[in-house]
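Presented below is the structure to which this report refers.
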There are 2 protein chains.
Amino acid sequence: MEFDLIELIRTRCAVQRADVRLGIGDDAALLAPPAGHELAVSTDTLVGGVHFPFATSAHDLGWKALAVNLSDLAAMGATPAWSLLALTLPEATREFVAEFIDGYAELAAQHGVALVGGDTTRGPLAIGVTVHGFVAPGRALRRDGAQAGDLVFVTGTLGDAAAGLRCLDRRDTRAQALFNAPPDTRETLVARLNRPTPRVAAGAALRDVASACIDVSDGLLADLGHIAERSGVGIEIDAGALPASSALLTLFEREERLVLQATGGDDYELAFCVPAARAGDVQRDLARIGCGATRIGRVVAGERVRLFDGDGSELVPERSGWDHFA
Amino acid sequence: MEFDLIELIRTRCAVQRADVRLGIGDDAALLAPPAGHELAVSTDTLVGGVHFPFATSAHDLGWKALAVNLSDLAAMGATPAWSLLALTLPEATREFVAEFIDGYAELAAQHGVALVGGDTTRGPLAIGVTVHGFVAPGRALRRDGAQAGDLVFVTGTLGDAAAGLRCLDRRDTRAQALFNAPPDTRETLVARLNRPTPRVAAGAALRDVASACIDVSDGLLADLGHIAERSGVGIEIDAGALPASSALLTLFEREERLVLQATGGDDYELAFCVPAARAGDVQRDLARIGCGATRIGRVVAGERVRLFDGDGSELVPERSGWDHFA
């Protein structure tokens with residue numbers, strides 16, 4: 001059975017690359033990294049009931065498992081190339097695996113990512129993906145280069161994925177209002193949760209310009225906190241500047257919306273810092289590839305991330321992001 | 001909490017390599033592959049209660065999670081370099097993580113393997129490891145090169161790990177006899193289960209000589225079956241030739257022993273094929289690095305693996321290896 005599944009996965013995820021010398025089917029894949037480049041490598045695991053509701057469709061799961069990993073490469077400004085998939089399933093349903101791998105393959109094809117290996121095991125539902133990308137030496141976007149005076153930006157809109165999760169949560173006290181919302185509004189938010197768009201092209205456009213970059217996976221404030229810590233700076237965010245989708249504006253009042261935007265996870269937008277003199281260039285370059293970016297704050301001397309209201313008072317959200325063991 | 005754990009892992013797993021340009025702590029690791037080499041990449045997941053008993057010590061788990069992955073690189077003849085660790089834990093016990101990473105680091109240090117990234121998540125106990133190694137182009141050991149006339153060898157001894165698992169299984173009908181065995185005999189077998197030795201040096205010695213190679217993880221017959229299938233050949237194994245440890249000989253009668261040797265998983269020895277003319281060289285080269293190898297059969301025209309008794313009759317074991325979804 002396991003070997004049938006591997007064959008199913010291999011045939012449905014069909015991106016071919018000349019730099020894959022030996023793909024699925026041996027003890028290891030054999031890959032030929034391009035000369036003169038660094039390899040960016042990242043791995044992320046999604047656990048059923050922790051990182052996604054068990055009701056999530058297999059197709060969405062396949063997409064999302066790869067998307068959250070490609071988002072890490074995007075945050076480094078790396079060009080995606082190869083992936084490995086470790087699939088742990090309570091039972092081997094051919095239908096589940098087929099739908100899962102179709103979702104995975106759909107996104108893989110968009111970025112030319114080959115699936116070169118992995119494993120399938122029995123156990124509680126979990127998906128581990130490892131991705132590899134290329135970046136020229138010294139040009140990767142890191143977390144440790146932000147400097148006081150830089151401006152802080154974020155791509156796209158914030159809080160939609162967390163709002164989508166609330167739309168799915170029937171225990172939510174506001175569930176009635178959410179269920180009564182226009183279906184396409186709810187669907188827009190749920191799609192942001194289940195089928196995030198890794199900002200690969202935006203990450204590439206930010207190389208040589210952004211002083212620091214991270215993807216928003218745990219929540220904006222938590223993720224910017226990593227930049228602040230690694231760069232040895234403080235970051236001040238203007239609550240009123242946080243970008244919101246019209247769906248979020250429709251369904252949530254200001255205060256609730258702000259918590260979702262500042263602390264909701266799973267957005268997979270890029271948050272980045274740019275020297276003030278380059279800010280115009282960056283916004284123009286991103287607009288050219290169809291990716292909006294909003295200025296949301298600035299880097300200061302100091303050591304942590306603070307969120308300010310329009311009147312200058314500091315806002316302290318309930319929590320600053322996901323801590324998987326909290 | 002999660003970030004404390006990552007810091008604990010980072011500081012305890014301290015192999016430094018010049019080719020790691022950026023390690024744990026950003027969205028991805030940045031690595032510099034050596035020019036003119038292929039990269040061998042493999043990933044394997046161990047799930048609690050499926051691949052190891054929940055009672056396994058954290059230290060042993062750390063060792064084994066890396067060992068089973070290095071074994072895949074060994075089977076390719078690749079030189080290990082980098083690893084990523086995806087750790088899924090029901091709760092974040094600092095003590096568990098510290099012991100786990102000490103076991104992992106102990107083996108990593110032996111092979112100069114740097115831990116360059118990974119993640120920690122909450123969920124049912126599972127460990128995913130991805131390893132990277134280097135091998136000169138065209139020199140990797142693959143599964144698809146065996147030819148009729150080649151001889152089949154295996155390193156070390158077979159069946160010990162499966163016997164060790166039986167020693168731990170209190171439901172086993174032979175448990176009483178196993179528990180009455182000399183403690184050091186039982187411990188020898190259990191150690192083979194919990195702390196397997198990846199045959200990295202043996203894999204390197206087999207480059208340019210072996211026509212095909214695989215590590216024995218699912219059971220000898222099942223694993224040789226992959227070589228037979230990928231190479232388009234048959235394989236005949238002589239049951240009487242299968243190497244046994246003195247511990248296995250002490251605790252198990254012939255028939256039971258044979259099932260463990262032919263179908264027991266988790267040995268992580270290398271099974272390989274060699275042109276008959278090179279057989280002497282191979283045994284001498286392996287002996288020089290302290291790794292015994294036993295001739296156990298031959299490659300024939302045909303299409304599957306068959307096990308023969310001394311009198312020429314075919315033996316059909318109860319099962320030919322682990323199928324994780326059986």
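A Cβ is built for glycine as well, from the same backbone N, Cα and C atoms used for every other residue.
Marked as domain 'PurM-like N-terminal' by TrEMBL: A:25-135.
A:Asp72 (Mg(2+) 3 binding site) counts 29 other C-beta atoms within 10 Å of its own C-beta, drawing on all protein chains shown. Summarising the annotation, TrEMBL assigns Mg(2+) 3 binding site to A:Asp27, A:Asp72, A:Asp215.
Residues or ranges marked as Mg(2+) 4 binding site in TrEMBL: A:Asp27, A:Ser42, A:Asp72. Packing around A:Asp27 (Mg(2+) 3 binding site) is summarised by its Cβ count: 29 other Cβ atoms lie within 10 angstroms of its Cβ, all protein chains included. DSSP gives A:Asp27 (Mg(2+) 3 binding site) a coil state; it is part of no helix or strand.
Residues or ranges marked as Mg(2+) 1 binding site in TrEMBL: A:Thr43, A:Asp44, A:Asp119. For A:Thr43 (Mg(2+) 1 binding site), applying a Cβ distance below 8 Å and a minimum sequence separation of six or more within one chain yields A:Asn69, A:Gly128, A:Val129, A:Thr130, A:Val131.
TrEMBL lists A:Asp44, A:Asp72 with the feature Mg(2+) 2 binding site.
A:Asp266 (substrate binding site): 25 other CB atoms within 10 A of its CB, across all protein chains. For A:His51, A:Asp266, A:Trp322, the entry in TrEMBL reads substrate binding site.
Residues or ranges marked as ATP binding site in TrEMBL: A:Gly118, A:Asp119, A:Arg143, A:Ser217. A:Asp119 (Mg(2+) 1 binding site) carries a strand DSSP state (E or B).
The domain 'PurM-like C-terminal' feature in TrEMBL is assigned to A:147-308.
Annotation source TrEMBL lists Mg(2+) 5 binding site at A:Asp218. For A:Asp218 (Mg(2+) 5 binding site), the number of other Cβ atoms no farther than 10 Å from its own Cβ, over all displayed protein chains, is 22.
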Checking A:Ser42, A:Ser217, A:Asp266 - which of these binding-site residues have a CB within less than 8 A of a chain B CB?
A:Ser42
Three-class DSSP secondary structure - A:Asp44 (Mg(2+) 1 binding site):
strand
Using the structure shown, find which entry in A:Asp44, A:Asp119, A:Asp215 (the binding-site residues) has the sparsest Cβ neighbourhood within 10 Å.
A:Asp119
Could you find out if DSSP has A:His51 (substrate binding site) as helix, strand or coil?
coil
Which one of these binding-site residues, A:Ser42, A:Ser217, has the sparsest Cβ neighbourhood, judged by other Cβ atoms within 10 angstroms?
A:Ser217
Out of A:Ser42, A:His51, A:Asp215, point to the one nearest A:Gly118 (ATP binding site) in space (Cα versus Cα); all of them are binding-site residues in the record.
A:Ser42
